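Q: Following this message is one structure expressed as structure tokens.
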Amino acid sequence: MRKIIVVGAVAGGATCASQIRRLDKDSEITIFEKDRDMSFANCGLPYFIGNIVNERKDVLPITPDVFKEKKDITVKTYHEVIAINDKDQTVTVVNRQTNEKFEASYDKLILSPGAGANSLGFDSDYIFTLRNMEDTDAIDQFIDQHQAKKALVVGAGYISLEVLENLYARGLDVTLIHRSEKVNKLMDQDMNQVIFDELDSRHIPYRLNEEIVSVKDHLVTFKSGIQEDFDIIIEGVGTHPHSKFIESSNVALDDKGFVKVNDKFETNIPNIYALGDVITSTYRHVNLPAQVPLAWGAHRGASVIAEQLAGNKNIIFKGFLGTNIVKFFDYTLASVGIKVEELTHFDYQMVELNSGTHAGYYPGNTNVHLRVYFDTNNRHLLRAAAVGKTGVDKRIDVLSMAMMSELTIDELTEFEVAYAPPYSHPKDLVNMIGYKARDL
């Protein structure tokens with residue numbers, strides 16, 4: 001019987017195991033998960049903290065026992081893989097509850113260990129990060145047990161912004177600090193102005209170019225010299241791939257610790273695959289490396305690996321587009337394609353407009369700021385970004401499909417919109433981007 005070992009039981013690992021079982025009823029599948037829970041909805045954790053999502057079962061939908069019963073897949077939580085012997089095809093596992101070590105053999109090994117939260121290194125009972133359900137429970141219980149009223153959020157990436165909004169929704173007084181002037185780095189920085197506008201309109205204090213110097217009990221001392229008391233501190237200062245244990249093997253990593261994979265999610269070592277936040281791949285539409293630690297990529301990787309193991313070798317991964325979106329109070333910010341700083345690899349032009357999301361005479365019309373970058377040599381799309389209160393997601397999704405299909409900026413004029421006054425214009429914003437580009 002073929003033995004398949006999966007490292008990690010969250011989005012990538014659990015989904016991959018489930019997809020393998022769908023196509024393969026016979027192999028023995030075992031998942032080793034170093035933490036307490038499996039298959040939690042990590043994208044939903046901030047909303048659970050904010051009581052927007054009230055039911056625990058909605059963010060923690062399945063247990064190892066149920067997974068075993070329904071899918072005949074063994075999940076061992078609190079079991080951490082600490083080493084890989086790719087010559088003998090074994091992994092070394094430690095039971096984190098008993099400290100017992102043992103070896104397990106595999107025919108196929110799938111690495112989906114995810115990423116870990118970076119830490120500022122301060123030793124305090126008041127400081128938390130948010131990466132898993134255990135972190136979520138700790139934050140939730142701390143707020144209740146200590147009747148926390150005043151929170152500090154450190155960092156201004158999309159997770160920090162979601163945490164801030166949800167702490168505010170829960171009734172806490174929140175302050176945001178960030179060590180640079182660049183926030184939400186997946187967006188064009190000038191389009192992030194709505195973030196500051198939303199903070200200002202709610203009188204939420206924020207300071208850029210600010211850092212923590214020390215934490216003593218409730219008292220936080222900042223680089224600026226300001227000292228202030230907080231009941232709870234949430235760090236959101238980036239992540240790193242959980243790949244330290246992979247260094248024991250011959251699996252190739254890049255200089256940042258990401259696992260290199262091909263279009264089948266194979267590593268350089270036979271019978272070892274990787275997916276999720278731990279990998280580096282390429283963009284789909286341009287020849288540049290890409291790390292996209294988001295849910296879509298993990299789920300796509302799970303499907304491709306399962307198909308590969310089932311013998312369907314023609315199903316491959318064609319690369320990332322990096323499509324991303326975040327809600328911040330009344331606004332939505334989204335982008336697709338390469339990062340702004342990667343545009344320097346190309347000769348490019350930019351087209352933008354700021355227009356109502358649907359017919360102006362129909363109630364509820366709000367503006368969307370839409371921006372598209374294209375390569376002036378072949379006129380293919382490189383990047384797009386949008387911000388607004390409504391209609392942002394569908395424009396970015398359409399432009400994602402356009403990039404996937406290698407459409408030119410001019411061909412956006414041919415996009416046939418689903419038009420009625422409550423939804424769009426006869427010439428949609430995406431069409432207008434194409435028309436505006438004709439003279440460029």
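Placement of Cβ uses the backbone N, Cα and C atoms for every residue, glycine included.
Pulled the feature table from Swiss-Prot, pasting it below:
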ACT_SITE  Cys43  active site, redox-active
ACT_SITE  Cys43  active site, nucleophile
BINDING   8-33, 267-277, Tyr419  FAD binding site
BINDING   Thr15, Gln19, Arg22, Ser39, Asn42, Lys71, His299, Lys427  substrate binding site
BINDING   151-166  NADP(+) binding site
Q: Tell me, how many other CB atoms lie within 10 A of the CB of Gln19 (substrate binding site), whichever protein chain they belong to?
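A: Taking every protein chain into account, the count is 20.
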Q: Restricting to the record's substrate-binding residues (Thr15, Gln19, Arg22, Ser39, Asn42, Lys71, His299, Lys427), give me the longest CA-CA distance in Å as a whole number.
A: 48
Q: Given the binding-site residues Ser18, Ser39, which one has the fewest other C-beta atoms within 10 angstroms of its C-beta?
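A: Ser18, out of the binding-site residues Ser18, Ser39, has the fewest neighbouring Cβ atoms within 10 Å.
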Q: Using Cβ atoms only, which residues of the same chain lie under 8 Å from Thr15 (substrate binding site) while being at least 6 residues apart in sequence?
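A: For Thr15 (substrate binding site), the qualifying residues are Ala298, His299, Ala302, Ser303.
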Q: Please name which of the binding-site residues listed here, Ser18, Arg22, Leu23, Glu28, Lys71, is nearest in space to Gly155 (NADP(+) binding site), Cα against Cα.
A: Ser18
Q: For Glu33 (FAD binding site), which residues of its chain lie six or more apart in sequence with Cβ-Cβ distance below 8 Å?
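A: Counting only residues 6 or more apart in sequence, the Cβ neighbours of Glu33 (FAD binding site) under 8 Å are Gly8, Ala9, Val10, Gly13, Val75, Lys76, Thr77, Tyr78, His79.
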Q: Round to a whole number and give the Cα-to-Cα distance in Å for the pair Arg22 (substrate binding site) and Glu28 (FAD binding site).
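A: Arg22 (substrate binding site) and Glu28 (FAD binding site) have their Cα atoms 13 Å apart.
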Q: Just jot down the residues in the same chain as Val163 (NADP(+) binding site), at least 6 apart in sequence, with C-beta under 8 A of its C-beta; none if empty.
A: Pro46, Ile49, Leu130, Val153, Ile234, Gly236
Q: Where does Val153 (NADP(+) binding site) sit in DSSP terms: helix, strand, or coil?
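A: SS state of Val153 (NADP(+) binding site) = strand.
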Q: I'd like to confirm something. Which of the binding-site residues, Ser39, Leu161, Lys427, has a Cα closest to the Cα of Asn271 (FAD binding site)?
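A: Going through Ser39, Leu161, Lys427 one by one, the closest to Asn271 (FAD binding site) is Ser39.
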Q: Give the distance between the Cα atoms of Glu28 (FAD binding site) and Lys71 (substrate binding site), rounded to the nearest whole Å.
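A: Pair distance, Cα basis, whole Å: 11 Å.
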